[in-house]
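Questions regarding the structure given below will be posed in turn.
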Amino acid sequence: MGKNVVVLGTQWGDEGKGKIVDLLTEQAAAVVRYQGGHNAGHTLVIDGEKTVLHLIPSGILREGVQCLIGNGVVLAPDALLREITKLEEKGVPVRERLRISPSCPLILSYHVALDQAREKARGEAKIGTTGRGIGPAYEDKVARRGLRVGDLFHRERFAAKLGELLDYHNFVLQHYYKEPAIDFQKTLDEAMEYAELLKPMMADVAATLHDLRKHGKDIMFEGAQGSLLDIDHGTYPYVTSSNTTAGGTATGSGFGPLYLDYVLGITKAYTTRVGSGPFPTELFDDVGAYLAKRGHEFGATTGRARRCGWFDAVILRRAIEINSISGLCLTKLDVLDGLDVVRLCVGYRNADGDVLEAPTDADSYIGLQPVYEEMPGWSESTVGAKTLEELPANARAYIKRVEELVGAPIDIISTGPDRNETIILRHPFA
């Protein structure tokens, strides 16, 4: 009997999911992306060689692992084809192992133009999107006007829908944002070129998953971004446009929730965030700079510097509840090496002095101050440790306190970027 495991982020993204998915896929028959788009950036380091993936599931570097892109992913054909080419140049076979749902909404040039025009118009109040068209593509999907991958293979139907879409979006671009219109013929010609290249990779992803399940195969579902960026459960409106939480697994792949056996939540030993939005434990001092430098905190997709702060047990407790987390993976523990004192946020205090749990919208964070516990740090290195006993006593105490504060076990500890620099206390597929 196979096991079906979800791996997702429990903070604001960038928790180190790519490495863990790559590590665990040694046992998986297939890896599935079920939401998001090429706004994700999953970094893998294998024997010192770094690979960044945006759309292709992180199992692609494991020989024989099937990689699936489910219907919940918004797909930019140009970005996907560039990613395939880069991997193939490294000798990684992709096309025969990658399968894409024809129900994936397409991201085309007008989505990118709209995304960037909106952020430009917002000025200082911008959301902090990647500018890659993710939000506008999801809007078209929900408005039931979007083009999907399957439409690419019906030229006349595609052209008719594209014409209607460009009439609508070009009106907004030209008359509201004062930006140039997107050319119909150029967009159509590019799309038809994509169609020829994508057609061999089309498949009914839901049917593929259920066939694997019936044959007792292990399946991994790879989340993108983080739980606090979820369109419904995140710090709205500073969120992404998809469901980044465990519920998105079913809707974004066609694999029912009762088939899932284990949900692994990835969390950093501290907290980071890219772009705008509330961040109660954010640091603006030397410690924040230390975390950013030691943790190489720059976005894999945009290159933007990440905001850094202390570990926040409040947001993690919320993420554990909404995802029904089975166990946690604590990443980047080694970044805390060398600090005299480490802090953990255990609650938020408002102006009345009351200690609160995590709010559900951005405005409710205004005026909240973090309540901290302090613990002694450690001077010894944790880099590359492969057993719990190899860790300094204070690091072990920190791990134990995190478990106590959030009410979930830490099953995996990452002690470096390479897939081998990991302590596995309980294997999700065991």
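Every residue, even glycine, has its Cβ placed from backbone N, Cα and C.
What Swiss-Prot records for this protein is below:
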type: BINDING; residues: 13-19, 41-43, R306, 332-334, 414-416; note: GTP binding site
type: BINDING; residues: D14, G41; note: Mg(2+) binding site
type: BINDING; residues: D14, E15, G16, K17, N39, A40, G41, H42, T130, R144, Q225, T240, R304; note: IMP binding site
type: ACT_SITE; residues: D14; note: active site, proton acceptor
type: ACT_SITE; residues: H42; note: active site, proton donor
type: BINDING; residues: A300, T301, T302, G303, R304, A305, R306; note: substrate binding site
Express in Å, rounded to the nearest integer, the largest CA to CA distance found among the IMP-binding residues D14, E15, G16, K17, N39, A40, G41, H42, T130, R144, Q225, T240, R304 named in the record.
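This binding site's residues have a maximal Cα-Cα distance of 34 Å.
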Using a 10 angstroms cut-off on Cβ to Cβ distances, just flag whichever of G13, G16, R304, R306 is the loneliest among these binding-site residues.
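Looking at the binding-site residues G13, G16, R304, R306, the Cβ with the fewest others within 10 Å is that of R304.
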Which of the recorded positions G16, G41, H42, L333 has its Cα closest in space to the Cα of R304 (IMP binding site)?
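In terms of Cα distance, R304 (IMP binding site) lies closest to G41.
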Counting other Cβ atoms within 10 Å of each residue's Cβ, which of the binding-site residues A305, L333 comes out lowest?
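Selected from the binding-site residues A305, L333 on minimum Cβ neighbours within 10 Å: A305.
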Reduced to three states, what secondary structure does DSSP give K19 (GTP binding site)?
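It is helical.
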Let's check the environment of N39 (IMP binding site): how many other CB atoms sit within 10 Å of its CB?
29
How far is it from N39 (IMP binding site) to G13 (GTP binding site), counting Cα to Cα, in Å?
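Cα-Cα distance, N39 (IMP binding site) to G13 (GTP binding site): 11 Å.
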Among G41, H42, T130, G303, A305, these being the recorded positions, pick the one whose CA is nearest to that of G16 (GTP binding site).
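With Cα distances computed to G16 (GTP binding site), the winner among G41, H42, T130, G303, A305 is H42.
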Return the member of D14, G303, A305, R306 nearest to T415 (GTP binding site) in space, with distance defined Cα to Cα and candidates limited to these binding-site residues.
D14
How big is the Cα-to-Cα gap, in Å, between T130 (IMP binding site) and G41 (Mg(2+) binding site)?
11
Counting Cβ atoms within 10 Å across all protein chains shown, which of the binding-site residues G41, G303 comes out on top?
G41
For the C-alpha pair, I'd like the distance in angstrom between L333 (GTP binding site) and D14 (Mg(2+) binding site), rounded off.
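About 14 Å separate the Cα atoms of these two residues.
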